[in-house]
Amino acid sequence: SKLARLFQHPLYNIPIPEVTEKDKLFVVNPMEKFSLHSSGSDEWVSSSKGETVLPTGKTAYDTYPAWLKFHIGINRYELYPRQDPLMPILLQDLATQRIVSSVQKSGGTQLKLIMTFPNYGQALFKPMKQTRDQETPIDFFYFSDFERHNAEIAAFHLDRILDFRRIPPVSGRLVNITKEIRDITTDKKLAKTFFISPAGNVCFYGECSYYCSTEHALCGKPDGLEGSMAALLPDKTLAKRRSWRSPWRRSYHKSKKAEWELNPNYCAQVRKTPPYDRGHRLLDLIDMTVLDFLMGNMDRHHYETFEKFGNDTFLLHLDNGRGFGRHSRDEPSILAPLQQCCSIKKSTYLRLQLLATQPYRLSDLLREALATDPLAPILAEPHLRALDRRLGKVLAVVGNCLAR
């Protein structure tokens with residue numbers, strides 16, 4: 001296994017700083033009782049309403065469901081540890097746990113569902129919109145592209161191979177539209193959008209600002225539908241998150257350009273602006289840039305952090321469904337932060353160099369990681385080959401910066 005060898009490499013065993021109580025997202029208080037929201041939702045609430053107290057009750061840690069252990073393990077430095085024995089269990093739960101509730105997630109441009117399991121764990125379900133070998137049409141703007149379920153799955157594994165570990169766990173799953181969505185939903189608006197197609201398949205389209213109409217309905221065969229299941233992060237009432245607008249955000253306009261596209265010295269002003277004027281925030285943003293370039297994801301307008309940790313923490317790489325749309329074309333503008341700032345973490349650079357060598361070839365590692373997913377194969381071969389090509393381009397940009 002190339003993957004096992006990779007995770008044993010010294011570059012993947014650099015220790016994180018010691019984690020103190022204040023570095024943990026939650027302080028576990030064994031005297032705390034837990035209860036459920038009276039509104040009928042399945043969110044955990046603490047009886048003392050303490051924001052950083054995880055309501056685990058008096059039960060032993062070993063008996064907690066995997067999703068709760070995942071939440072407890074989050075700290076200032078990482079979303080989950082490198083050699084995490086919990087990860088296979090959590091991915092298995094996402095793929096197989098019985099679904100007891102399906103409701104539409106509010107907001108967003110495309111249809112997403114929140115699925116709840118009997119152990120109160122929850123997952124974000126993104127349904128399949130296009131097949132593995134379909135490429136995004138060249139005339140599509142990035143902001144009108146489909147969100148792809150397989151991109152979410154591949155992004156999680158790629159993020160882990162790069163040793164960022166900033167994307168919550170994602171597994172593929174084949175869902176029965178009739179039994180696991182239509183028959184159990186309490187969402188009246190969603191329920192109204194189900195119909196049987198002329199081919200006899202069960203379809204639905206939900207409500208959202210794009211692609212929610214009978215023309216863009218999601219149909220089963222006859223009622224089986226592929227999708228990605230992403231473990232939800234702790235509820236925001238328990239762990240507040242802050243949303244940050246990316247300085248290299250695109251204009252989301254058909255003809256206007258953003259300032260960074262017009263000003264080659266744009267990074268100089270970013271470096272003077274909080275929170276990029278101190279600490280490793282800018283370097284963390286450049287890590288995210290590398291991830292996005294490898295996936296071809298142009299849709300990174302915001303990112304999030306856990307508020308408790310202030311500025312000194314990692315960025316959450318959420319919402320990766322617009323990655324892996326085109327394998328035949330690379331988008332150099334995604335690398336603008338790296339090109340303009342000429343900065344990258346030494347550890348990231350050394351790992352990228354390692355992933356460009358034959359024994360640890362990036363495409364081989366991702367292919368191996370994705371082979372374990374229930375919906376494998378996740379990516380068409382041209383997308384995997386594109387990763388090696390793009391990695392070469394990232395290293396070339398760093399090489400030019402070093403030469404300068």
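Backbone N, Cα and C atoms are what each Cβ position is placed from, and that goes for glycine too.
Unlike curated records, TrEMBL annotations are generated automatically.
On a predicted model such as this, the values are computed, not experimentally measured, just so you know.
If you look up TrEMBL, you'll see Q110, K126, E147, A230, A231, L232, L233, E304, D319 marked as ATP binding site. For E147, D319, the entry in TrEMBL reads Mn(2+) binding site. The annotation domain 'FAM20 C-terminal' is assigned in TrEMBL to 194-403. Taken from TrEMBL, the feature active site applies to D299.
On the structure: features taken from TrEMBL.
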residue	record	CB count, 10 Å
Q110	ATP binding site	19
E147	ATP binding site	25
A231	ATP binding site	23
L233	ATP binding site	21
D299	active site	19
D319	ATP binding site	23
List the Cα distance (Å, whole number) between A231 (ATP binding site) and D299 (active site). 21
For the ATP binding site, please report the maximum Cα-Cα distance among Q110, K126, E147, A230, A231, L232, L233, E304, D319 in Å. 20
Average pLDDT across the domain 'FAM20 C-terminal' (194-403), rounded to a whole number: 95
Integer Å distance between the CA atoms belonging to D299 (active site) and L233 (ATP binding site): 21
